[in-house]
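**Student:** Take this structure first; my questions come after.
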Amino acid sequence: MATGKIVQVIGAVVDVEFPQDAVPRVYDALEVQNGNEKLVLEVQQQLGGGIVRTIAMGSSDGLSRGLDVKDLEHPIEVPVGKATLGRIMNVLGEPVDMKGEIGEEERWAIHRAAPSYEELSNSQELLETGIKVIDLMCPFAKGGKVGLFGGAGVGKTVNMMELIRNIAIEHSGYSVFAGVGERTREGNDFYHEMTDSNVIDKVSLVYGQMNEPPGNRLRVALTGLTMAEKFRDEGRDVLLFVDNIYRYTLAGTEVSALLGRMPSAVGYQPTLAEEMGVLQERITSTKTGSITSVQAVYVPADDLTDPSPATTFAHLDATVVLSRQIASLGIYPAVDPLDSTSRQLDPLVVGQEHYDTARGVQSILQRYQELKDIIAILGMDELSEEDKLVVARARKIQRFLSQPFFVAEVFTGSPGKYVSLKDTIRGFKGIMEGEYDHLPEQAFYMVGSIDEAVEKAKKL
């Protein structure tokens, strides 16, 4: 085991000099004793002359030149398997929940090759989420990849937590949650939410929050993914939740700048597409088991053409776009039914009735968008009878796309609702065919199934 010495410290970047014949490989882990703490460094570049440039996985406060550094001769390794369930770990797989050692039987390196082309499997099975707008407009595939896109404060994390609650409770498999550069408060809320709903013993939690150095935030997604891969390779169907993939990109940008690389478009790292690919290509289903992943994607300044969200789009099977305009109408979940897409929305996969209902809803909402200008200038009275009907139905559909969430009960005071796909299709089909033209539009706001809307109308 070779030993080197620190020669330079610039923030999270630490340069270490080793003997010329024992230079560590790129991505090898190094260990340095920093006071009472052990600090792990990851080799990023070999600068020549026996010097390697590394990124610190923790705070570099207190490091000084001349400290001894050990080469561990392998990449960062984290615990995998059932021992990780119900535990909160950091990027190195160390427990941070004060419940003692993990007691794992096996450790895996966080840098792994993606499955080969022959190993991949294709699934057409749908995953019901119980959220009307998602099940109807952008259905999820079991073993697929989903992105929740949205700007600041439109409800990415709340939607993610509702999905976890619905899928983890209805689906009895294991889940892995990777908190990448998000708020510690949300991580804490999430842990208690899982504990209260008795699913904590089926979830592994890996956190690298906002206050961590960039090296930590860049690698924590890989730590969570490695744990999910282990469950998948045991032949299970596992859920992987990543909140937030944008912070992974941002950490990459910070590391890239610290390493002295030239920035590319909008200041992102030149290796943006490759870094995203390395992560996303591993999140996949094989013939032994599946990983269904849900990733929250922050959209800077609500601009979907920003390089970071734009690079993420290419890897996903379904995109759920959260819109500020819809949130400002008070409609939650604020999913934009015209902007959200799914590869599964195909009559051969979801069936003709589901497909026709979803496309019908989209065409009515699209027509309503077009008529809005006329209404704003001339008023409703100038519309033809046919268009008035379209507007009335569109407004009902828009309100019926809202739904009370279980995880938001504490804020809204109304109990959460889980709506089956069958009820969702029946409800929207009924509105489109005019069965509920006699009901007031308020009746459709914040209800579960269409039967609840009918009940609510009686009270109005």
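Backbone N, Cα and C define each Cβ position, glycine as well.
What Swiss-Prot shows for this protein is this:
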BINDING   GLY150, GLY151, ALA152, GLY153, VAL154, GLY155, LYS156, THR157  ATP binding site
**Student:** What is the set of residues, excluding GLY150, GLY151, ALA152, GLY153, VAL154, GLY155, LYS156, THR157, whose C-beta falls within 8 angstroms of the centroid of the C-beta atoms at the ATP site?
**Tutor:** TYR298, LEU322, ALA327
**Student:** Specify the count of other C-beta atoms within 10 Å of the C-beta of ALA152 (ATP binding site).
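**Tutor:** Taking every protein chain into account, the count is 11.
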**Student:** Starting from each candidate's C-beta and looking 10 angstroms out, tell me which of the binding-site residues GLY150, GLY151, GLY153, GLY155 has the most other C-beta atoms.
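**Tutor:** Result of the Cβ crowding comparison: GLY150.
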**Student:** If you run the three-state DSSP split on ALA152 (ATP binding site), which class comes out?
**Tutor:** coil
**Student:** Could you tally the C-beta atoms, other than its own, that fall within 10 angstroms of the C-beta of THR157 (ATP binding site)?
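**Tutor:** Neighbour count, Cβ to Cβ under the 10 Å cut-off: 20.
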**Student:** Which residues does VAL154 (ATP binding site) neighbour through Cβ under 8 Å, counting only same-chain ones at least six apart?
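**Tutor:** In sequence order, LEU322, SER323, ARG324, ALA327, ALA334 meet the Cβ cut-off.
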